[in-house]
Amino acid sequence: RVYDLTCDDTVCPPDSFCLSDYDGGGSRCHCNLGWRGNTCSDG
């Protein structure tokens, strides 16, 4: 999921991390390894 805000202003789900999306000027949340799903709650 891509957000319009920067990582400083984006709250990612637990077990995930934020990466800047420089192409779109926003950011996106990526699940940590071993997690998946919309909220990274599926192990």
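Each Cβ is built from the backbone N, Cα and C atoms, and glycine gets one as well.
Note that TrEMBL annotation is computational and uncurated.
Quick caveat, the model's predicted, so the values are computed rather than measured.
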Identify which of Cys29, Cys40 is listed by TrEMBL as the disulfide partner of Cys31. Cys40
Number of helical, extended and coil residues in the domain 'EGF-like' (3-41), per DSSP: 0 helix, 14 strand, 25 coil
